[in-house]
């Protein structure tokens, strides 16, 4: 049983369980077919079965696969609008959703080379906890 069992049974706060994905871009590679996924999972959709995975540190570099400009933002993000949310295809093959920063929405395009950066996501209330995580910025050529 022990601590590992408690962690698997989600007895700890959710934010602690997702530290590797949120702050380090740690993904997994299926040992059977080699497909890379982010965030981690227990079943490989390609193999269609439960299999073994190995953790891998993702480079954070990739290209914009598709994107959308958000003009009417949800609560806590109103001040950022308009902003771009994109699906990024990482060099390792995994696709990840993230905000594009450090450029105007009209400058974003499909195929644009980007890299992950660690940024402020939001703040809970006036005196609340600041949440940080990854976003993506264009790679200057």
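Keep in mind that glycine also has a Cβ here, set from the backbone N, Cα and C atoms.
Source: prediction; values computed, not measured.
When other Cβ atoms within 10 Å of the Cβ of residue 44 (Zn(2+) binding site) are tallied across all protein chains shown, the result is 21. What Swiss-Prot records for 30, 33, 44, 47 is Zn(2+) binding site.
Considering other CB atoms within 10 Å as the measure, the emptiest surroundings among the binding-site residues 30, 33, 47 are those of 33.
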